Structures are given as C-alpha cells and as structure tokens.
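Visitor: The following block contains the structure, expressed as structure tokens.
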Amino acid sequence: MSEVTITGFRSRDVRFPTSLDKTGSDAMNAAGDYSAAYCILETDSAHSGHGMTFTIGRGNDIVCAAINHVADRLKGKKLSSLVADWGKTWRYLVNDSQLRWIGPEKGVIHLALGAVVNAVWDLWAKTLNKPVWRIVADMTPEEYVRCIDFRYITDAITPEEAVAMLREQEAGKAKRIEEALQNRAVPAYTTSAGWLGYGEDKMKQLLRETLAAGYRHFKVKVGGSVEEDRRRLGIAREILGFDKGNVLMVDANQVWSVPEAIDYMKQLSEYKPWFIEEPTSPDDIMGHKAIRDALKPYGIGVATGEMCQNRVMFKQLIMTGAIDICQIDACRLGGVNEVLAVLLMAKKYGVPIVPHSGGVGLPEYTQHLSTIDYVVVSGKLSVLEFVDHLHEHFLHPSVIKDGYYQTPTEAGYSVEMKPESMDKYEYPGKKGVSWWTTDEALPILNGEKI
C-alpha cells in the first residue's frame, strides 16, 4: 500500500424527500425523509474515503457538525498508521476528552463516528483495490481481533477467545469465500411491501412482485391498531401462504410498552411471524427479555438492534438472553470495527445476525457485514433486509438477483454517492441546483407533509 495522508475532510447534508410517498413509514416514524450525513476524507492521493450515517431528515445537520469534529482528528494522519493498529485508532477517535462528554459512545457523536470510521475503511479498501468484506476475509484471526477495542466487553469475550473462535472457522473459509464470489452468501428479505402508509392494492402488488423475484422472507410494519394489522397480515398470508416456505416478520418500531407488546403480539400469533422487531424501547434490556420469555410459547422470536448504540448494549442484550435475532446497524455502531466486536459476541452466544438495512445506503453497507459474518465469523447463512429505494444514487449500488445479494467486487465500502445526487439533494442546498430550493419542496418545508 503506497503512503496516503489524510489532508482534509468535508461533510454534506443529503436528504431525499421520501415523506412525499410514505416510503419508510412505520408506527413511530410516519413520514421520514431518508437522509445521509455524509463524510468525505480527502487525501494527497487519487483516492478519497466516503462514509455516511443514516437519519430520517431533521437533525441531519447536527450529525454533519459532529462529523466535522470527529474527522478533524484524522487530519494529517497517515492511512498506514491508522490501520496498522485499528483498535488503538478506534479508541483514539472515541476518546477526545471533551467530545466524549456528549456521548460517551452513543448519540449524535457516535453516529458521526460511524460515518468517519467507515470512510477510513472505504479509503483503505480503495488503496488495496478490494471491497471491504474481502479485506476482513483475508485477515488472520489475530488481525481481525486487533481491529477491536475490547474495553467493556471482556466479560463477554476476550481477545484470546475471539482468536480461538475465528481459528475454528478457518477450515471452511476458502469454500465460503468461493460461495460469496458466486453470490450465494447473503439471502435477502424485503420490507418494500410492508410500509405502514401503503394501501391494500400497493401492498398486494409489491408482495406479488417480490415473491416472483425470488424473495422468501417478508417484513411488515405493525403497531397502528390490532384490527388494521390483522387485516394487513391476513393479506400477506393470503398471498404468501402458510406452508410454502415463505417467512413473515413484523416490526413495531418501539411503539409499545412491555405489557402492550406481549398482549398485541399474542393477537397476531395466528399469522405465525418469525419475530417481532423492536417491540419496545431500544434501551430496555429487561423489557426485551420479558417479551421474549412471554412470546416463546407462541413461537415468536424477538429482534432488535437498529437503535442499539454500542457494543456494550449489545453485550447486555446477548448475554441476558433478551433477543433471538441481533440486528446490527452499520453506522449507528461506531463503524466496521465495533460491528466486528458484536459479530463475535453473537457467534459465541449463538444469536444469528440479521442486520438492519432499511435506509438509504444501508444495504450498500450491510451486504459487506453479512458477508463477513458468514465467511469469517459464524459460517452460517442468515438473511439481510433489502429495501428497494434510492440505490440509483450510488456509484456501486447493491443488487439482488434470485433472492440473493450480489456480493460486491468493486473496491471500497459501496456507499460512495454520485456527485450529481449529492448536489441535487443537498440541504438546504444551492438555489437552482438543489431540489430543496424548488416549489416541490414547500409542502415538506412548510410542515404540510410531515
């Protein structure tokens, strides 16, 4: 790897007006504008590093401001020194003695960290001419473990245990890499038909289309009312059937108390969902445990993680047996490094990884992480959410074929956005360039659509 120095950075506030057609609508977030708090690391080479954090509109500018503070700590640093001891670099980035006060390791500052750390990985991958997943797949167990800051999680897993676990997976790794290169490492599931704001006709149409496209796992948003959800799940089962190998999942996006979640899901149990996602507050470890215990006799699992702020919270969810499914988020956690730590804990305690991927840029990110989990860590096929929106704005968008993610082969982390898309949807943007300066944007800007 030739010597590369980070010379500067930029953040960009990019917002797509998805609230206009209710894409992404759920019981908690009725009308979000899918957004990227975007980070670009500039260098003295031909390469730049691109990372982003997903939000749903207002407040995206706050994350961009935080990105500037975190990225400033990289200015003047040589890439080779940053990646030589990734665990040390990660701790350096989270340990600014003043910035950590507004975390620590959670909230806006941690969202910003995710964007910046992922931009470093993107830059590193480009200099090596590899996709991010392949960098990790080519690591030795010791190199993988050196990417992680084990502070706060050694009661769950030690570096020595992690190396031993990864070494056990080495035997079949070459075969799994070959499967990845044949696009058979990451089966996809779809949420495209399940948004809460969609009408019956649109829901039926999208279910039929995704079924015909090879999907066998389908997620539906719930939490509006029991009656309406029973009607919508009835529509889903009418099309998918109960005994055709089609799996149904439901997602409440945190709207219920613990007793409400238990009662509500008992009333939906006849539709045989695999799991209920985010049934209550994402911070309530004991609440998730109570819900899981209550729903186990009904064959319904509990999934959460898209709002889980760091590896410490995941440690608690996993070690207490509060979840059946671990839903890592590529940029709510502190980038690739913290995800690698959670993959190890999930493997040790037998909890499958099903990443959160319902947002702009998230499928592009998580296809790498699910591939890493299968090839390097768990050795077991899982599924990964795919939301078929906004991929046209990326240089190397994620692609689904025959129900599988097509494993990325281009160098980088797949979230580099087209310059024209960033210009068109930058907020507040330049007059005559940004969509947000047009009359079309007024219903959102005036609060009529949100």
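Heads up, the Cβ atoms here are built off N, Cα and C, so glycines get one too.
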Visitor: Look at the Mg(2+) binding annotation in Swiss-Prot, where ASP251, GLU277 are given, and name the residue from GLU200, GLU209, GLU306 listed for that site too.
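Guide: Site partner of ASP251, GLU277 for Mg(2+), according to Swiss-Prot: GLU306.
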Visitor: Could you state the CA-to-CA distance between GLU306 (Mg(2+) binding site) and LYS221 (active site) to the nearest Å?
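Guide: Just about 15 Å between their Cα atoms.
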Visitor: Looking only at C-alpha atoms, tell me how far HIS356 (active site) is from GLU277 (Mg(2+) binding site), rounded to the nearest Å.
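Guide: If we compare the Cα positions of HIS356 (active site) and GLU277 (Mg(2+) binding site), the gap is 10 Å.
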Visitor: What does the structure give for the C-alpha distance between LYS221 (active site) and ASP251 (Mg(2+) binding site)? Integer Å is fine.
Guide: 5
Visitor: Return the count of C-beta atoms lying within 10 angstroms of the C-beta of HIS356 (active site), excluding that atom itself.
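Guide: Step by step: centre on the Cβ of HIS356 (active site), count other Cβ atoms within 10 Å, giving 25.
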Visitor: Provide the three-state secondary structure of GLU306 (Mg(2+) binding site) computed with DSSP.
Guide: coil
Visitor: Could you check what DSSP calls HIS356 (active site) once collapsed to helix, strand or coil?
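Guide: In the DSSP reduction, HIS356 (active site) maps to coil.
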